[in-house]
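Below is one structure, written out as structure tokens; the observations come after it.
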Amino acid sequence: MLESYQLDAGSAVSTMAHAELQCSSQPSISVTRRQSILFVTSEISDYIKAGGLGEVSAALPRALRHHYDVRILIPGYRQVLSQIGAVEEVARLSASYGIPACSLGRAMTRDGLIVYVLLCPELYDRDGSPYVDSFGVDWCDNDIRFARLGLAAADIASGNGDPLWRADLLHLNDWPSGLASAYLAWRGQRIPTILTIHNLAYQGNFERSRLSHLGIPDAAFHIEGVEFYGKVSFLKAGIYYSSHITTVSSTYAQEITRPEFGCGLDGLLRARAEEGRLDGIINGIDESWDPSTDPYLVSRFSAENCRGKRANAESVRRSFGLALNTGPLFAVVSRLVHQKGVDLAISAAETIVSQGGQIAFIGQGEPRFEAELQALAGRHPGSIGVKIGYDEGDARRMYAGSDFLLMPSRFEPCGLSQMYAQRFGSLPIAHRTGGLADTIEDGVNGFLFGEPSLNRFKDAIKRGLDTFRSRSRLIAMRRAAMKRPHGWDRSASRYQEVYERACHAAFA
Ligand SMILES: Nc1ncnc2c1ncn2[C@@H]1O[C@H](COP(=O)(O)OP(=O)(O)O[C@H]2O[C@H](CO)[C@@H](O)[C@H](O)[C@H]2O)[C@@H](O)[C@H]1O
């Protein structure tokens, strides 16, 4: 039976009343407090980021913190510990099966968000990204590294972490935290858990022989459990055992229930959708994405006065070795992987150049794409510029200076780049899929094409080039893109609704 904290409407915190979740399994008490959410993530852009998850992990808890006591849990990677400042050890978490013991540290971001850090040097004190070594190869102990994360989340939620705090609800993100809800279920603990899928294609699948090391009961190695085509799947565990699933756009929430986009999990996701336990909530972008204040820009501008775009375009041309002209400038800011349709952008490049356009590419990822891009730039000096690597300042100036952003992703759960581009007055040319379909209005604030083929992509590019030649139309579309609401407020309210529903379901 659900027993909730009683709300004291006259208390000093009554402004938070609307955020009170009916989800505590503890007895009624008369003290009003904000409900506590543990946001479990494998990256946060304050300290370490491999992609869009890092940005959402930094922004969403901040959008929710006015309503909840939100805290983050993250592995203590080398890059985190070198930047986070003072860490107070608050608990010792014991070893379990093949998962080593570790300490739980408590630290704070500069703006006061509490971050729990897993102090386990044998798992996290290394160079490289959260998931791969410096050669791009998966860490061979990723199963244990992220089982450690999931188990710690379950411990904190059940009151065995920080003695002064426990979580009323866990918000998990992607496969690295997927086991947390499973560990709770196997212990018989009914704590509401939300799993947000940022990308269904990354699933964390490991050999069956790892079961005992991960503390997974044999009985759970079943289609109704963690088993996925003969392997242990962390993502499937998260989907199967969590109270509620969200993903990062409405269109992607529908797409992943179909075999073409479901990555083998569409059956389970279809069942969750039919039970009313799968929702799509579009990401927002944070307030730093403002062309009138962004310190990375060479010149700042606004929807009302876009003249400053030109200086940013010049800066991009110089920095990418492009000829200084006034033709259309296209940008690609992307992880260089098949998902993002990099091959389509490479194939369309000559068409753009033949029409007087230029392209600046920045990205890193699969070596074959890196090599193809460098070869492409070599064939078109002055027209195509490529930087292999990751650079926040370059990316921001590219959004600010370009006229168009190419985003021919084959699938795109949400996509952040198209929203950054719109905010900075660059019109996205994108495949009508996932969050791209939900954030771009064709012919109004960007261009969409219906299938990820070169011909359809080239048609959309042609429409962009036609618009570029009609100054008034270009300016109107640019303005519409810049004014499109991109903030986190609406999405944060949707997460609040989902938290409420998950709590009711968990204790029904
Ligand atoms: N070389 C480079 N230099 C500088 N910046 C670079 C860069 N390469 C990429 N970026 C930046 O990295 C971010 C990528 O974010 P995305 O959301 O587009 O993709 P990602 O596929 O990683 O995220 C997954 O999770 C997010 C979050 O939910 C979903 O939006 C998305 O669809 C899903 O695939 C953007 O902010 C972009 O500007």
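Even glycines carry a Cβ here, placed using N, Cα and C.
TrEMBL does not curate its annotations; it predicts them automatically.
Predicted, not measured: the structure shown is a model, and the values here were computed from it.
So that you can see what the record holds, here are the features copied from TrEMBL:
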type: DOMAIN; residues: 37-270; note: domain 'Starch synthase catalytic'
type: BINDING; residues: LYS49; note: ADP-alpha-D-glucose binding site
type: DOMAIN; residues: 326-475; note: domain 'Glycosyl transferase family 1'
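DSSP assigns LYS49 (ADP-alpha-D-glucose binding site) to coil, not to a helix or a strand. Here the domain 'Starch synthase catalytic' (37-270) has a mean pLDDT of 97 out of 100. Using DSSP to sort the residues of the domain 'Glycosyl transferase family 1' (326-475) gives these counts of helix, strand and coil: 73 helix, 36 strand, 41 coil.
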